[in-house]
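Here is the structure we will look at.
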Amino acid sequence: MTIEQALRRHPLPRLESRMLLMHAWPGLSHATIVGYPERELAEDIAMVFDALAARRLAGEPMAYLLGVREFYGRDFAVSPAVLIPRPETEHLIEQALSRLDAAQPARVVDLGTGSGIIAVTLALQAPQWRVSAVDLSAEALEVASGNAAALGAQVDFRHGSWFDPLAPDDRFELIVSNPPYIERGDRHLGEGDLRFEPRGALTDEVDGLACLREIAAGAPARLLPAGWLMVEHGYDQGAAVRGLFCAAGLLQVETIRDLAGQDRITIGQKRAD
Ligand SMILES: C[S@@+](CC[C@H](N)C(=O)[O-])C[C@H]1O[C@@H](n2cnc3c(N)ncnc32)[C@H](O)[C@@H]1O
């Protein structure tokens, strides 16, 4: 079977089928696919490709099939144990880097690190910062620590719930989190990529605000004076999260919109004294 015949066997978008074929055939380039479509596929490669295409047609996300997703210009390994990195989360990185001086030492913790994209990216963008990362999922922490090692980032990973695994006297200039914020019963949980992502990364199984409530309430005791809390949340949760931040006594509370113009990130600062 030729490359062209293999690609035609599955009714997938052309780019997706080419990416899956390149994944099945290490060393195959996009230029070869386009320039030499008459090249023959080895039988074992055709079988791997057919299996990947069948999984894609059944809805499995490309990121899980390829095992990788780009975030902030770097490739992160992903598996079904972690949320697939979203481009919106880059706003958290930009906020962190714009509110804290990357050239000065600072202590940072990423709560619910998943694949480690936030912690690893901050550790690489601001090598002076000491970055910790927490997750309830041991499987996610394995993926995250693999990413830190592969990308050469120093991150202190902790297993447990939110602030629990931190030392009692740990205090931070920055607490950052993209927690589960979809409410139980939201129809999106049964649609698209979300069907394949870990449920514990998506929903708090309550009203969508349970994790955000816990993080906002716990943050002031863990922030240094003038330290920042920054969280990602749903497009319709901006007002509620600002309320949680204000109730926790944080100042300069502000919601930042994503590129689609939707409320996406809320930030707040602890008093300076
Ligand atoms: C929305 S995902 C975010 C993953 C990653 N930070 C990102 O932005 O792609 C939320 C993460 O929070 C973790 N998580 C859920 N409940 C937690 C808890 N009580 N304590 C710590 N982590 C928790 C999940 O395992 C998941 O990895």
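The count begins at 1 with the first shown residue.
Backbone N, Cα and C define each Cβ position, glycine as well.
Predicted automatically and left uncurated, TrEMBL annotations should be read as such.
Site annotation (TrEMBL, ligand S-adenosyl-L-methionine) includes GLY112, THR113, GLY114, SER115, GLY116, TRP162, ASN178; from ASP135, ASP193, ASP204, ASP207, the additional listed residue is ASP135. For the binding-site residues given as GLY112, GLY114, GLY116, PRO180, the lowest number of other CB atoms within 10 Å of the residue's CB is seen at PRO180. Each of the binding-site residues THR113, SER115, ASN178 was ranked by the number of other C-beta atoms within 10 Å, and first place falls to THR113. The separation of TYR181 (substrate binding site) from GLY116 (S-adenosyl-L-methionine binding site), Cα to Cα, is 18 Å. Counting only the Cα atoms, the space from THR113 (S-adenosyl-L-methionine binding site) to PRO179 (substrate binding site) is about 9 angstrom. Taking Cβ-Cβ distances under 8 Å and a sequence gap of 6 or more within the same chain, the neighbours of TRP162 (S-adenosyl-L-methionine binding site) are LEU111, GLY112, VAL134, CYS211, GLU214, ILE215, GLY218. Other residues of the same chain near the substrate site, with their Cβ within 8 Å of the Cβ centroid of ASN178, PRO179, PRO180, TYR181, are GLY112, SER177, ALA201, LEU202, ASP204, CYS211, LEU212, VAL231, GLU232, HIS233.
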